[in-house]
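Undergrad: Per TrEMBL, the features are:
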| type | residues | note |
| --- | --- | --- |
| ACT_SITE | 328 | active site, proton acceptor |
| BINDING | 28, 101, 129, 177, 359, 402 | phosphoenolpyruvate binding site |
| BINDING | 28, 29, 33, 175, 177, 328, 355 | 3-phosphoshikimate binding site |
| DOMAIN | 18-437 | domain 'Enolpyruvate transferase' |
| REGION | 1-24 | region 'Disordered' |
Ligand code: S3P
């Protein structure tokens, strides 16, 4: 599963004030997890609001190959009839996760805790990404690498253990994918699996474990961390999942409205889980006019409609401790920072180097191509905002959806149009990005 073989370039140009109400697609993290928990539960899991992006569809296909029946019953409505913890089938062919780090790494955890062997593969971007961060704890739980590319990278053949060992694991990097892989393997381990995070990351796996009836406890650890303890071998019970709108996708119309003069929009039903709202906190500190309307609970998550108006932004310092709660939002924050007055310093962006692309380098290149002054100091990014961006560049997206969307947002308010070399990968997380933005008044050609 890859984006179109032929690159699809697009240019964004200075647009009138954005106006209207939009709903962005379902959250990518919760969508992957809802399918995986459906696979690990006996009986029928009904999912509504599923993100029907390429990444999530790859996970759906992998669930089928591992024994689940997965069917689409309407727009965003899916049903999974799973096999239960311990019941995985050996897949007859390779599991191809396309561009998706989350799908592949979470499923490595699932396979590691079962007595099956599976081949994991993906596109050129996924094949470059580090996998040992996930494989190291899984090997200590009893899984084996049968073969892999250099350093545990894909393509990988992973042999799971029917009797995984419960472990206590302190994650060396702040990664919800690593935490989740260990917990998913721990589901089939007899006893308690513990994950300790120095910096707490998104908690969707923990919430979903509870939602499906597993016994899991979460306690604070140190200043910013968490200690998660899971009791193994639960009988997961089917429970419907309503996927809320993805804050990481909402980030694009949100920043677009803040930087485009005359804008006044509402983004509906955005998930406000505190482990995901670092961008909103930062943009508010920058002076962004973001008002929560109708805060409510939907599908077990806090959601709100966000009213966003064009704002005069100022530069701020973003603390490193906030990075995990906005890790996917730095490309679009860098765009907002260009339109702010003063310097925005984003600290502790090391993890950005191992995303769908080296996002720190890709963002810096995109800023340079569009005349925005900036500096990379170690793992920190400094953007010198002038309240405007010259634009006029064409940005290389490196198979990275968020690089493409961030710089298209820049073009809506820059002095000269901003082009991106390929929009094909936007379909991995936000297939309706262009129509949603066009509906608000964005100009693309
Ligand atoms: C995700 C975790 C993050 C994030 C990714 C989704 C998840 O990755 O960047 O888009 O759903 O667990 P890391 O775990 O590598 O930080």
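Here the Cβ of each residue, glycine as well, is placed from N, Cα and C on the backbone.
Note that the coordinates shown come from a computational prediction; the quantities given were computed from them, not determined experimentally.
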Undergrad: Which recorded positions from the list 33, 129, 328, 402 come close to ligand 1, meaning a Cβ under 6 Å from one of its atoms?
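TA: By the Cβ criterion, which requires under 6 Å to ligand 1, the hits are 328.
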Undergrad: Looking at the recorded positions 101, 129, 177, 328, 359, whose Cα is closest in space to that of residue 33 (3-phosphoshikimate binding site)?
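TA: Its closest listed neighbour, by Cα, is 177.
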Undergrad: For the C-alpha pair, I'd like the distance in angstrom between residue 355 (3-phosphoshikimate binding site) and residue 129 (phosphoenolpyruvate binding site), rounded off.
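TA: One finds 7 Å between the Cα atoms of these residues.
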Undergrad: Roughly how many Å lie between the Cα atoms of residue 175 (3-phosphoshikimate binding site) and residue 101 (phosphoenolpyruvate binding site), rounded to a whole value?
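TA: If we compare the Cα positions of residue 175 (3-phosphoshikimate binding site) and residue 101 (phosphoenolpyruvate binding site), the gap is 11 Å.
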Undergrad: Which of the binding-site residues listed here (29, 177, 402) have a Cα atom within 10 Å of the Cα of the residue listed as 'active site, proton acceptor'?
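TA: So the list reads 402.
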Undergrad: Taking the Cβ of residue 359 (phosphoenolpyruvate binding site) as reference, which residues of that chain separated by at least 6 in sequence fall under 8 Å from it?
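TA: Within the chain, residue 359 (phosphoenolpyruvate binding site) has Cβ neighbours under 8 Å at 330, 331, 349, 352, 353, 400, 402, 403.
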Undergrad: Based on DSSP, tally up the residues of the region 'Disordered' (1-24) by helix, strand and coil.
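TA: Taking each residue of the region 'Disordered' (1-24) in turn, the totals are 0 helix, 8 strand, 16 coil.
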Undergrad: Write down the Cα-Cα distance for residue 29 (3-phosphoshikimate binding site) and residue 177 (phosphoenolpyruvate binding site), rounded and given in Å.
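TA: So the Cα of residue 29 (3-phosphoshikimate binding site) lies 10 Å away from that of residue 177 (phosphoenolpyruvate binding site).
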